[in-house]
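**Student:** There's a structure below that I have some questions on.
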Amino acid sequence: MPTPHEAEKQITGPEEADRPPSMSSHDTASPAAPSRNPCCLCWCCCCSCSWNQERRRAWQASRESKLQPLPSCEVCATPSPEEVQSWAQSFDKLMHSPAGRSVFRAFLRTEYSEENMLFWLACEELKAEANQHVVDEKARLIYEDYVSILSPKEVSLDSRVREGINKKMQEPSAHTFDDAQLQIYTLMHRDSYPRFLSSPTYRALLLQGPSQSSSEA
């Protein structure tokens, strides 16, 4: 004879713990989600980082390629002895001579101040540009390469000139860097030019004659 408890189970059915888990129509239609592949975590930590590194390298290569149009070299004819001697007459004559700029730039490289000449040349090229779209792009590159405090080739400019450039960069023009170019020109004239005239480089040219060609690497 069943006990009262067993009789109650017969009437009400099995307890919840005894019932098999019910399955919804959604559960029966969809297969169980696969277990997480341990390789997924490895891809997130390794492959994605490698992909980001590739993107950074591609961005850097693109930026460097954009900087190539900036004037970085000049090829010039062999200077005559008279031309070499004229460089000592004034800094203007040196800077107006392609061969003079080439030799002077090589000298600045030995003093780790070549960026001054590069900046001056870039400003000269900018002033000769008439296309506004090209002016905007070149002005941005000049700023990033020679004016920004984050650049390894930053030139020495006072705060007044820097503030003026920052304002002009809102609407760049071919003359955005005129004040800065003059300041760097004056710096090279007063600081580097006297040392250049007394350097072995210039003295050798005075004695050498016209046999050696002058070009910038």
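Here, residue 1 is simply the first one shown, and the rest follow in order.
Heads up, the Cβ atoms here are built off N, Cα and C, so glycines get one too.
For 1-29, the entry in Swiss-Prot reads region 'Disordered'. Summarising the annotation, Swiss-Prot assigns phosphoserine to S24, S97, S151. Annotation comment: Swiss-Prot describes 90-206 as domain 'RGS', evidence class sequence analysis. What Swiss-Prot records for 207-217 is region 'Interaction with GIPC'.
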**Student:** At the level of the C-alpha atoms, what whole-angstrom distance separates S151 (phosphoserine) and S97 (phosphoserine)?
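**Tutor:** Between the Cα atoms of S151 (phosphoserine) and S97 (phosphoserine), the distance comes to 29 Å.
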**Student:** Fewest other Cβ atoms within 10 Å: which of the modified residues S97, S151 wins that one? Let me know.
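**Tutor:** Counting other Cβ atoms within 10 Å of each of the modified residues S97, S151 gives the minimum at S151.
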**Student:** Give me the mean pLDDT over the domain 'RGS' (90-206), rounded to a whole number.
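**Tutor:** In the predicted model, the domain 'RGS' (90-206) has a mean pLDDT of 97.
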**Student:** As a quick check of your reading of DSSP, tell me how many residues in the domain 'RGS' (90-206) are helical, how many are strand and how many are coil.
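**Tutor:** Taking the domain 'RGS' (90-206) as a whole: 86 helix, 0 strand, 31 coil.
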